[in-house]
Amino acid sequence: MPPKTEKERPLNVVEVTSSEDEGVARTVATQKVCSVTTPPPPLQISGPDMPQSSGAIEPSVLPSDETLESRSFWKAGNYAVGPTSKPLVQSSLEHARVHPKFLHSNATSHKWAFGAIAELMDNAVDEIHRGATFVKVDKIDVMKDNSPALVFQDDGGGMDPELIRKCMSLGYSSKKSNTTIGQYGNGFKTSTMRLGADVVVFSRSIRASKATQSVGLLSYTFLRRTGLDDVIVPMIDFDISGHWAEPIIYSSQDDWSSNLKTILEWSPFTSKEELLLQFDDIGPHGTKIVIYNLWLNDEGIYELAFDDDDEDIRLRDEALRGATKLHKKIAELQSHISYCILYSLRAYASMLYLRKFKNFQIILRGKPVQQFNIADELRYPKVVTYKPQVATGLKECAVETTIGFIKEAPSLGVSGFNVYHKNRLIRPFWKVTGDGSSKGNGVVGVLEADFIEPAHDKQDFERSSLSVRLENRLKQMVADYWRNHCHLIGYQALVSSARDKQKGHPGQPPVVHAASMEKHLPSYQHNISFNLQAEVDDQAVHIPGDGKQDLSDKQPDVEVPNGLMSEDDLESMSVDQICEENIKLFGRCEEHRKEEAELKQTIDKLEKELEEMRKKCAQISSLLEAKQKLKVK
């Protein structure tokens with residue numbers, strides 16, 4: 001049966017504009033009817049609204065000394081640019097092109113590889129409303145060169161020929177729902193190019209009783225080695241409504257065959273049959289993404305480690321940091337979830353979404369990921385309601401924050417807030433308290449902040465007045481919770497009244513304030529007191545919306561161990577903490593002693609210079625007096 005041929009339609013010219021405000025390129029497609037005297041080459045993105053054309057591509061010839069062997073992500077953008085080729089679209093309209101280097105520079109928004117993986121998981125989660133029940137993340141071996149490839153697969157609604165072209169265009173997003181995670185239309189490109197140099201996409205979809213399957217190739221390697229100065233994405237489509245797959249032809253059979261030839265040459269699959277086999281496990285609808293030519297680290301080995309754990313994918317550089325023999329407490333800290341998420345994808349994926357899915361699973365290397373919310377195991381939990389001051393005209397909202405001590409407290413000093421946005425983790429263990437104080441150790445909170453916007457890589461929030469006020473409010477939450485609950489884990493929250501300061505408590509160490517300590521310190525140690533006070537005050541002061549400072553905790557007390565603690569607790573926790581604080585204070589004393597010695601030397605030097613200047617002044621004065629006497633005579 002001959003392949004299906006779509007009717008010719010007016011050419012859609014894609015004008016590419018950039019937005020400096022958002023930091024990403026946006027693609028705006030506008031239908032403009034024009035007469036094409038010379039058809040564009042076959043590798044332009046084509047489809048129902050962008051017909052293919054005839055002709056052959058003639059890439060620029062690369063310089064002979066161009067090796068293109070750099071496989072490290074942060075160096076991949078450093079290659080010589082060949083001579084500019086003629087525009088691929090020959091018409092009376094100007095064509096703004098996107099250089100392949102933009103694919104790399106655009107992907108640098110992801111500093112962390114797991115952030116890129118999370119973006120692709122988000123795309124599958126957004127398909128839940130279209131019937132998706134799983135997303136699989138796994139590793140396969142590429143037969144061409146026996147190299148690893150990263151695979152993402154879901155059983156969502158899939159993409160028809162039009163949608164897959166929008167997916168692989170820059171800046172287009174069809175996700176307008178308030179519940180979907182993706183919104184910028186840039187995540188697929190940045191995330192895939194951050195993980196590897198090349199990606200091939202397989203997708204099946206059913207639209208209006210028509211079943212289709214499409215293949216698209218976005219290959220940085222192809223664009224570099226052919227010397228192209230425009231981003232070309234070869235694609236082919238099939239109509240599978242009948243008993244077999246029929247090629248969908250938009251212009252000519254030669255164009256379709258040229259796209260297929262390019263895909264087979266630059267993808268991991270060597271034949272059309274092998275290519276179509278990739279649809280066998282997709283089912284009637286869904287999407288499979290294969291990322292290959294994975295990036296290497298600075299040592300020339302793969303950034304992602306697949307062999308350390310058969311059920312996990314790890315970041316090699318982070319995982320190697322804990323390989324040596326460590327102190328017991330450091331080992332305990334590195335086994336905590338707050339550290340594991342830095343190098344273990346299974347640990348990170350378990351916390352990636354706040355609410356547990358009912359009919360959806362994340363399957364990592366063949367094993368489902370068990371979702372985990374640290375709020376479920378907090379000790380002495382408390383729910384605090386926060387009403388952010390949103391802009392005028394926006395709907396007011398109330399944010400509930402669950403705060404409490406981790407189950408390992410006080411032996412582990414892990415603290416911070418897991419802040420989510422639309423169910424997606426943006427900032428894990430966001431530490432809002434100072435590093436120099438034990439106040440807040442073990443205090444962890446969980447909240448969903450939909451009223452502030454995340455950054456493009458979804459690893460932080462845009463800096464705004466709302467985010468600043470949220471940070472101040474979280475600081476106040478920690479201070480309030482610590483003051484009222486720290487005695488439950490072996491600390492004493494000291495009363496700041498004058499009577500309690502004088503009397504103290506039988507069997508317990510006396511109450512000491514940082515402010516009162518200053519009066520009894522030698523002059524060279526006053527700065528130590530100021531530093532301690534500043535660290536405590538930084539956590540206690542809260543600036544509400546009216547701009548007035550709440551100074552109720554301006555001079556909080558220094559916490560001391562509770563006298564009711566057992567000897568084991570004192571030996572394992574309190575003594576260690578006291579020793580650590582003592583070492584820090586001793587170090588600061590030494591620093592101030594050195595500063596004092598340096599200042600004394602400076603004073604001595606200045607005094608000597610002053611004395612020399614006084615002598616010079618006396619000599620000059622005597623000379624002037626002598627001259628004046630001579631003139632008078």
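Glycine is no exception: its Cβ is also placed from the backbone N, Cα and C atoms.
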For this session: Check each of the ranges 547-588, 589-630 against TrEMBL and return the one annotated as coiled coil.
Result: 589-630
Exercise. How many of the residues that make up the domain 'Morc S5' (343-482) does DSSP mark as helix, as strand and as coil?
Worked result: 29 helix, 44 strand, 67 coil
For this session: State the mean pLDDT for the domain 'Morc S5' (343-482).
Result: 92
